[in-house]
Amino acid sequence: MTITAQEALQRTIDHREIFYDEMLSLMRQIMAGEISPLMTAAIITGLRVKKETIGEITAAATVMRELATKVTVPGPDRNFLDVVGTGGDGANTFNISTTTIFVAAAAGARVAKHGGRSVSSKSGAADVLEALGVKLGLAPEQVAESIEATGIGFMYAPAHHSAMKNVAAVRREMGVRTIFNILGPLTNPASAPNTLMGVFHPDLVGIQARVMQRLGANHVLVVYGMDGMDEVSLGASTMVGELKDGEIREYQIHPEDFGLQMMGTRNLAVESAEQSKATLLGVLDNRPGPAREIVILNAGVALYTANLVDSIAVGIGRARELIESGAARAKLDEFIAFNRKFA
């Protein structure tokens with residue numbers, strides 16, 4: 001079922017839903033550059049104001065997945081993981097989720113990390129990995145080879161979502177969060193079935209979990225720190241939307257549930273990718289402090305999401321062991337060394 005740009009805009013003005021098949025049509029038009037930048041900006045603003053529905057987000061993510069340059073990774077999916085965030089929490093923390101992937105891979109997860117450069121923070125996943133010497137924009141078969149060899153592959157979002165070029169200028173000029181901010185974590189080009197996803201607003205916890213359910217995901221934890229972080233927080237309770245065995249459960253977790261001391265997260269902020277790199281290396285070198293503790297917490301949740309442990313508590317204990325033993329740092333070094341062969 002097709003819908004014109006004008007009809008879609010009117011629907012948002014009236015605070016009425018754009019139905020799934022209509023949203024498929026609309027997104028295909030937008031991504032093909034068939035709708036003008038002015039109308040694209042108006043429509044995505046209208047969607048934001050009326051609040052995007054689960055059906056609208058699912059349809060938009062489906063189109064982005066259709067158009068993505070995919071990465072095919074053979075082998076079992078049970079421990080195949082992405083750790084990703086929407087960004088936009090305004091905290092400017094170091095790259096917690098990127099640090100977490102090295103702990104997860106050291107535990108035996110296969111990680112297909114999907115991300116880009118910073119939009120709203122001081123250092124995006126691509127920025128800190130580049131600072132570490134990682135080559136961005138590998139071909140799909142090279143990403144797959146890296147996952148097979150090291151347990152980690154990084155998919156640089158612009159290399160896999162070329163159709164986004166048709167909305168890039170609009171997003172940049174608008175400078176506000178739109179539906180595209182929440183689509184990135186839903187559109188992993190390797191179709192990792194297990195995802196630890198941080199979000200920037202509490203309403204998105206249940207929404208993103210239900211979108212992932214409709215998209216056929218296996219095990220997903222969507223998290224929002226009550227202090228505003230799009231991570232599992234050390235400074236407050238964290239809202240969780242968990243998809244497991246086809247069912248969704250929403251609950252809260254607290255650092256002290258797992259024997260972790262609550263710590264303020266203000267001193268986790270960085271001003272640059274180089275600073276984030278230094279913090280990441282400090283964590284993986286087992287330097288004590290809140291940065292290490294928040295990675296242990298998030299990595300524990302990641303191990304649970306990847307079905308490597310039966311509970312978050314066990315995952316946290318395992319994550320601490322992997323950092324203290326040097327296994328997580330060794331995994332980082334292995335990934336960088338393997339990646340250099342493509343330079």
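Cβ atoms here come from the backbone N, Cα and C positions, even for glycine.
Here Swiss-Prot flags G85, 88-89, T93, 95-98, 113-121, A125 as 5-phospho-alpha-D-ribose 1-diphosphate binding site, drawing on sequence analysis. For G85 (5-phospho-alpha-D-ribose 1-diphosphate binding site), the Cβ neighbour count at a 10 Å cut-off comes to 25, with all displayed protein chains included. Following the DSSP three-state reduction, the secondary structure of G85 (5-phospho-alpha-D-ribose 1-diphosphate binding site) is strand.
According to Swiss-Prot, the feature anthranilate 1 binding site maps to G85, an assignment based on sequence analysis.
Around the Cβ of S97 (5-phospho-alpha-D-ribose 1-diphosphate binding site), the same chain contributes V83, V84, G85, A125, L196, G198, E231, N298, each under 8 angstroms and 6 or more positions distant in sequence. As annotated by Swiss-Prot, Mg(2+) 1 binding site applies to S97, E231.
Marked as anthranilate 2 binding site by Swiss-Prot on the basis of sequence analysis: R171. Residue environment of R171 (anthranilate 2 binding site) contains 18 other Cβ atoms, counted within 10 Å of its Cβ in all protein chains.
Under the heading Mg(2+) 2 binding site, Swiss-Prot lists D230, E231, citing sequence analysis as support. Residue density at D230 (Mg(2+) 2 binding site): 28 other Cβ atoms are found within 10 A of its Cβ, drawing on all protein chains shown.
Comparing Cβ neighbour counts within 10 Å across the binding-site residues H114, R117, the minimum falls on R117. Here the candidates are the binding-site residues T93, H114, R117, R171, and by Cα distance the one nearest D230 (Mg(2+) 2 binding site) turns out to be T93. Cα separation, T93 (5-phospho-alpha-D-ribose 1-diphosphate binding site) to R171 (anthranilate 2 binding site), rounded: 23 Å. For the binding-site residues listed here (T93, E231), the lowest count of other CB atoms within 10 A around the CB belongs to T93.
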